[in-house]
Amino acid sequence: MAAPLNAQTRAPQATGRAPDFSPYLDFDRAQWRELRKSMPQVLTEEEVVALRGLGENIDLDEVAEVYLPLSRLIHLQVNARQELTVATETFLGTSSARMFPGSHVPFVIGVAGSVAVGKSTTARLLQVLLQRWSSHPRVDLVTTDGFLYPGEELQRRGIMNRKGFPESYDQRALLRFVTDVKSGKFNVRAPVYSHTAYDRVPGKYITVDQPDILIVEGLNVLQTGPTLMVSDLFDFSVYVDARTEDIERWYIERFLQLRDTAFRHPDAHFRHYADIGDEKATAVAREIWQSINLPNLVENILPTRVRASLVLRKSADHLVERVRMRKL
């Protein structure tokens with residue numbers, strides 16, 4: 001039996017700097033855009049404008065340098081997952097589709113981050129970009145807003161002022177929905193949420209029918225718990241990150257824009273804010289941020305960042321400046 005290696009044998013060669021044992025690979029924007037390789041631009045300026053959220057300035061350069069490389073990475077991971085399916089079929093000795101009808105298993109992506117950070121735009125961009133790959137053209141996007149308890153139920157529970165916190169969601173219904181889709185079920189329904197009414201739309205649903213990829217976007221989708229959580233079903237996840245001070249500013253700027261647009265709708269829940277001046281609107285937005293959105297970010301959302309497969313870090317101009325990707 002060979003003698004065990006001694007400490008001197010095991011020690012790495014001196015390199016002048018400590019080895020990097022971080023679980024992440026860290027890229028600046030210039031390094032990340034090189035990973036696009038030869039991928040062509042597949043979106044037009046008009047499409048980017050249509051996908052852009054309030055207060056954001058995403059353009060074709062941002063798509064080319066940030067989101068095309070990300071689309072390529074996810075595409076490669078989807079292909080790898082499909083190869084695993086083939087390996088399972090080889091083990092079973094038959095096509096899983098013949099042995100288990102309806103066994104189509106989609107690749108599930110979670111997109112998380114704070115209010116106003118731009119996660120919805122990221123999710124929409126990923127949906128469109130991933131649809132352009134011929135090997136997985138069916139990409140569905142569902143937001144967790146539809147799984148918020150109805151306003152009446154939130155009032156009954158006394159948590160209307162905790163809307164957006166983990167306890168305000170019907171976690172069991174969300175988990176059941178993603179489990180059903182992941183299990184290959186046909187025509188799985190998700191509730192629809194109205195930002196105008198600030199509530200679920202009674203009797204209205206979207207139907208997800210065996211997509212190649214499902215994107216689940218929401219504040220708390222990377223939450224963990226003592227039992228199975230929706231994050232346990234993700235094959236890949238993205239966390240959209242930024243400095244807290246920048247997110248607060250974006251939130252206030254968005255609130256002012258909504259005051260001049262969506263809040264003016266006759267049925268808008270926040271119609272009473274439509275006619276207030278800039279100073280008052282800014283004060284209201286800052287109070288909402290400080291009392292609700294900031295505590296939720298600090299207590300519940302930000303701690304889940306470490307669970308993401310990839311972190312998009314934005315600078316003050318709302319554009320991605322760094323990308324962190326998990327090695328493991």
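The backbone N, Cα and C atoms fix where each Cβ goes, and this holds for glycine too.
Annotated range for region 'Disordered' in Swiss-Prot, selecting from 1-22, 45-66, 177-198, 243-264: 1-22. A Cβ within 8 Å of the Cβ centre of GLY113, SER114, VAL115, ALA116, VAL117, GLY118, LYS119, SER120, the residues given for ATP, is found for these other residues of the same chain: VAL240, ILE247. Remark: of the binding-site residues SER114, SER120, the most isolated position is SER120 (fewest other Cβ atoms within 10 Å of its Cβ). Ranking the binding-site residues GLY113, GLY118 by how many Cβ atoms sit within 10 Å of each one's Cβ puts GLY113 at the top. Shown are the binding-site residues VAL115, ALA116, VAL117; of these, the residue with the fewest other Cβ atoms within 10 Å is VAL115.
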